[in-house]
Amino acid sequence: MELHLLIAGSGIQSKRAFLFGSIEMLIKLVPGNSAGTVTAYYLSSTGAKHDEIDFEFLGNSTGEPYTVHTNIYTQGQGNREQQFKLWFDPTANYHNYTIHWNPTEIVWYVDSVPIRVFRNYESEGVAYPNKQGMRVYSSLWNADNWATRGGLVKIDWTSAPFVANYRSFRARACKWNGPVSISQCALPIRANWWTSPVYKQLSFSQQGQLKWVRDNYMIYNYCTDFKRFNGQMAPECSKPQF
């Protein structure tokens, strides 16, 4: 499967919506001068108070590393961005990008390496996406007003078309069947494998991988951007995340 950006953008979406599970895709990103483009791969519900879990890959000038932009929206509220550089060339081969989502935590994985965790602190007043089914979406679009160096680098249309390649989409997830799924998909039963204790927290070795990514490849964290939020940091920022 290929997505081609010619003028404005293109996109795909899953037929079904899901609530909890593991969503995987192999993606080979736009090669060459992809500045100004964004390849997005995300889960989202609909409506003004939608939930959303994002991977976005911000294009670059030839030879520069891609930026992996992650975010989460709950009840229509976002502003939880974390950004990373990758430790490989994502345009040379396919790589696995997985969103694992269960009642306890959300984990973003790149080739089975966890890069980010968002834990469920709903009991402490932090909204968590656990009541809306989300479809899987991917798109390739023109975002040169912000994507590359804050919008300083525009799309070079002489390099068009811009092509991202996809294969091996896999949704090992609970199918959304309306509000009844809110309880059914969270039941701690064998069929709901994502609720088993092993998925409630990263293993010791996974925590080591996460620390390696954060220490070496994280370039932005909303939890440390005191200027942007005037010191009023999101409540989850002061809590353990993994």
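For all residues, glycine too, the Cβ spot is worked out from N, Cα and C.
Nobody curates TrEMBL annotations by hand; they come from automatic prediction.
Computed from a predicted structure; not experimentally measured.
What TrEMBL records for this protein:
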{"type": "ACT_SITE", "residues": "Glu52", "note": "active site, nucleophile"}
{"type": "ACT_SITE", "residues": "Glu56", "note": "active site, proton donor"}
{"type": "DOMAIN", "residues": "1-166", "note": "domain 'GH16'"}
{"type": "CARBOHYD", "residues": "Asn60", "note": "N-linked glycosylation site"}
Between Glu52 (active site, nucleophile) and Asn60 (N-linked glycosylation site), the C-alpha gap once rounded to whole angstrom: 25
Nonlocal neighbours by CB distance (under 8 Å) for the residue listed as 'active site, proton donor', same chain, sequence gap 6 or more: Val38, Thr39, Ala40, Tyr41, Tyr42, Val68, His69, Thr70, Asn71
Confidence summary (mean pLDDT) of the domain 'GH16' (1-166): 92
Local Cβ density at Glu52 (active site, nucleophile) - other Cβ atoms counted within 10 Å: 18
Number of other Cβ atoms within 10 Å of the Cβ of Asn60 (N-linked glycosylation site) across all protein chains: 23
